[in-house]
Amino acid sequence: MSNVTYETGDTAWVLTSTGLVYMMTPALACFYGGLVENKNFLNQLFLSIVCMAIIPVQWCLIGYSFTFGPGTSIFGSFEYAAQRPGSFISLSSDRNSQTIPPSAFMAFQCACAIITPALISGAVVGRMKLIPYMIFIVLWTTCCYDPLARWIFSRQGWLHQIGVIDFAGGLMIHVSSGISGLVAALILRSRVHFDPDVVNAGQTNLPFTVVGTGLLWVGWMGFNGGSALVANGVAALAIVNTNVAAASSMIIWIVLDIIHRKLNRQTSAFISIPGLCSATVVGLVVITPAAGYIQPGYAIVTGFIGGFLIHSFLSSKKRFFHIDDTLDVFSCHGLGGIVGTLLVGLFSQTDVNQKVNNGALYGNIRQLGYQTVGLLVTIGFSATCTTAILLTMHLTIGIRINRIDQVRGLDNVSHGVIDIELAGRSQRNKLAIGRRRTPERMISTVTTLEMT
C-alpha cells in the first residue's frame, strides 16, 4: 500500500456516496417490483439483487483492470486483475481525484457498474430463464460496459480524448442499458398475453414503486454528487442540479397528465402514480451527464425538456411502438440518456466547471458534435454486443421461458414460491366440487343398502 496522505473529507464523501449508490440497486428492485404482476414480483426483485452478487466479483477480478488499468485508448489490461497491489498505488492515468485512495475510487465505480445491468432487467420481465440471465450479466458487463467506461471515463479513453463529456454516466450507464434493454426485448419477443393497448397491466404493488422512487432519488445524490470525487463546490452543484431536474420533470409530467385528461374530455384531473414515479427517474436520468457542468437554471430546463419528451413518447407509443419493453427501460433510460447527453453539449460552461469546454449555447458548436459521436458509438456498440451475446445464447442454451411457465409465473418456476392465495383458491374449488358430488355418492350408497 502507498504511504500517500489523502484528504479525509474527500475520502469520506466518496465512501458515503458509494454506500448511497449501492442502495440504488435494492431501490431499483423495489421500483421495478411494484410494476409487475404478483406472480413475477419476487423474480423481478431477484433480477436486480443478483447483480450485487455477480458484478463486485467480476469488477474485482477483471472489470476494474479492463476499465482503468494501464493499456490503450480502447482496452485496459490484466495488470490490475484480482486487485493486485499495483492497483492500489497510483491512478495517475485515470480520470479521478488524487485526493482519495484508489480503493475508494474502485469501490465507487463498482457501485455504478452494479446498477447498470440491473436496469436491463426491466425490459425482460417474466420471460427470461434465470441461469442464462446471470450468464448474460457477466458477459454484458465484461464486453459492453467495461469498454464503454474505458472510452468515456478513463483519461486514456478515445471518446474522452476527442472531447465527449459525461459527468456521471449518461452514456455508459443509461444509454447503454436502455439500448440493450430494447434489443433484449426484441430478441426475447413479447410475453404471453402481451397487449400494447393495455398500458398499466400488472401494476399490483405500487407502494413498492413509490418507496423505490424515493430511495433512488436519495441514492442519486450520491451517484451524481459522488462523481465529482471530491467534497467541493462541484459536488454540491451536482446535488442541486440533480434535485431540481427531478422536480421539474415531475412538474411538467403532472401538467401533461392533466392536459391529456382534459383533451380526452374527462371531468376530473388524473395523475398517474406510476407515471409520476417514472417522471422522477426521467429527470434524474437526463441530468446525469450534465450534473456538474451546467447552472441550476439549465438543470430545470433539462428536467422540463426530458419530462416533456419522454411523456409524449410514452403517451403515443402504444400506437406505433409495439415492442414489449415491459417497464420502459428504453423510454426512460435510453431516450432520457440521449436527451441529457445532447443537452449537456448545449448548456455546459467552463465558468461552471473548468474541466469542461463551453457548449454550443456559448459558441462552441463542436461540443454538440462530439456528444453526437459519443451517442452513435454508444448506441451502436451496445446494440451489437447485446445482439451477439443474446443470439448466441438463444441458439445454444436457450433464453426464453416457455408459454406455460410464463402463465404460471417466475416466482414459482424459477424460485419455487407458491402463491398462497392461488393455492387456497384452488383448494376451495376442490372442496366445492367435492360438496356438489356428495349427494350423488350418498344416494348411490342408500340405493345399494336397500337392494341388499
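For all residues, glycine too, the Cβ spot is worked out from N, Cα and C.
As annotated by TrEMBL, transmembrane segment applies to 12-33 (among others).
Feature annotation from TrEMBL assigns domain 'Ammonium transporter AmtB-like' to 12-416.
Per TrEMBL, transmembrane segment is recorded for 45-66 (among others). Residues 22, 25-26, 28-30, 32-33, 75-83, 87, 106, 109-110, 113-115, 117-118, 121, 124, 130, 133-134, 137-138, 141-142, 145-147, 150, 414-415 of the same chain sit 6 or more residues outside the transmembrane segment (45-66) yet have a Cβ under 8 Å from a Cβ within it.
Residues annotated as transmembrane segment in TrEMBL: 104-126 (among others).
Annotation comment: TrEMBL describes 133-153 (among others) as transmembrane segment.
Only residues 6 or more beyond the boundaries of the transmembrane segment (165-186), in the same chain, are considered here, and those with a CB under 8 A from a CB of the stretch are 112, 115-117, 119-120, 122-124, 128, 140, 144-145, 148-149, 152-153, 223-224, 227, 238, 285-286, 288-293, 323-326, 329-338, 340-341, 344-345, 348, 356-357, 367, 370-371, 374-375, 378-379, 381-383, 385-387, 390. Look at TrEMBL and you will find 165-186 (among others) tagged as transmembrane segment.
Annotated transmembrane segment per TrEMBL: 206-223 (among others), in sequence order.
Residues annotated as transmembrane segment in TrEMBL: 229-256 (among others).
Taken from TrEMBL, the feature transmembrane segment covers 268-287 (among others). Outside the transmembrane segment (268-287) by six or more residues, the chain places 31, 35, 170, 174, 200, 203, 206, 209-210, 212-213, 216-217, 220, 224, 241-242, 245-250, 252-254, 257-258, 261, 299, 302-303, 305-307, 310-311, 314, 328, 332-333, 336-337, 339-340, 343 with a CB less than 8 A from a CB of the stretch.
Counting same-chain residues at least six beyond the ends of the transmembrane segment (293-314), those with a Cβ under 8 angstroms from any Cβ of the stretch are 165, 167, 237, 240-242, 244-253, 256-257, 275, 278-279, 282-283, 285-287, 321, 328, 331-332, 335-336, 339-340, 343-344, 347-349, 352-353, 356. Residues annotated as transmembrane segment in TrEMBL: 293-314 (among others).
Only residues 6 or more beyond the boundaries of the transmembrane segment (326-348), in the same chain, are considered here, and those with a CB under 8 A from a CB of the stretch are 32, 35-36, 119-120, 122-126, 165-167, 170-171, 173-175, 177-179, 181-182, 185, 191, 278, 281-282, 285-290, 293-295, 298, 301-302, 305-306, 309-310, 313-314, 317, 356-362, 367-372, 374-375. Annotated transmembrane segment per TrEMBL: 326-348 (among others), in sequence order.
Here TrEMBL flags 368-393 (among others) as transmembrane segment. Residues of the same chain lying 6 or more positions beyond the ends of the transmembrane segment (368-393) and with a Cβ under 8 Å from any Cβ of it are 132, 135-136, 139-140, 143-144, 147-148, 151-152, 159, 162-166, 171-172, 175-177, 179-180, 183-184, 187-188, 338, 341-342, 344-346, 359-360, 399.
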